[in-house]
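Swiss-Prot lists 16-36, 41-61, 84-104, 115-135, 137-157, 162-182, 200-220, 245-265 with the feature transmembrane segment, giving sequence analysis as the kind of evidence.
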Amino acid sequence: MIESQRHSYHLVDPSPWPISGSLGALATTVGGVMYMHSFQGGATLLSLGLIFILYTMFVWWRDVLRESTLEGHHTKVVQLGPRYGSIPFIVSEVMFLFAFFWASSHSSLAPTVEIGGIWPPLGIWVLDPWEIPFLNTPILLSSGAAVTWAHHAILAGKEKRAVYALVATVSLALVFTGFQGMEYYQAPFTISDSIYGSTFFLATGFHGFHVIIGTLFLIICGIRQYLGHLTKEHHVGFEAAAWYWHFVDVVWLFLFVSIYWWGGI
């Protein structure tokens, strides 16, 4: 006998993915520590843990998409959860990046004698902010405009236009990442070159990591839009991706001003 549901909430079925994700995280942590201390088998355990985590992410999100798209479990009330959950997640990422900005500002405003008492430190050849960084700025901001275009297209029910906009967004993101990689390759300093190199590569690298994650997020949204999964009433996943991408845009502006321009004077 099937009982009727008299509420708008989704009661999920028992799932093995939380425990499998926990085991993957445990293997990754232990393997990472073993690898850093040159223990035998550390690299193997680390690799297996990462593979297990990636597999768990794939099958777990597959189940969520199936429940929302095919089974219709994600009502308007259920959709509020992912929406509200995305906000503190993005705020936590802002705080993470704020720590890198703080480290850079502290080191530049009060340079120690170990780095010559000046900023940038003695012997560091900084990157010109008006070359690749300046070129990357309109590229990334244009990708943010394209994702907004995609959002308006979804709300208007124009599926093909939304796909085109997402293709433009992802293409610009890949160009940005390519230029960033070129800049790293040509950089005259490394992450081990004083506090300047450490804060530069940590801040820009962490932002670049977010760009890559956001690009993958938008690629999935583009595939789902092409398959007809996203509608003007139901596109929470895309909204989360768009918010995340705008967060990446704003952080880049702060990076350009504080790390590249002001930090390199």
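The backbone N, Cα and C atoms fix where each Cβ goes, and this holds for glycine too.
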Q) Which stretch, 16-36, 84-104, 115-135, 137-157, 162-182, tops the Cβ pairs under 8 Å count with the transmembrane segment (200-220)? A) 162-182
(Q) I'm a bit unsure how to read this: which one of 16-36, 41-61, 84-104, 162-182, 245-265 has the highest number of Cβ pairs shorter than 8 Å with the transmembrane segment (115-135)? (A) 245-265
**Q.** Per Cβ pairs under 8 Å, the stretch of 41-61, 137-157, 245-265 packing most closely against the transmembrane segment (84-104)
**A.** 245-265
Q.
Within the same chain, where does the transmembrane segment (16-36) have neighbours whose Cβ lies under 8 angstroms from its own Cβ atoms, ignoring anything closer than 6 residues to its ends? I mean 6 or more beyond.
A. 42-53, 55-57, 59-60, 63
Q. Going along the chain, which residues at least six beyond the ends of the transmembrane segment (245-265) come within the CB cut-off of under 8 Å?
A. 90, 93-94, 97, 101, 104-105, 108, 119-120, 126-129, 133-134, 136-137, 140-141, 143-144, 147, 169, 196, 199-200, 203-204, 207, 210-211, 214, 217-218
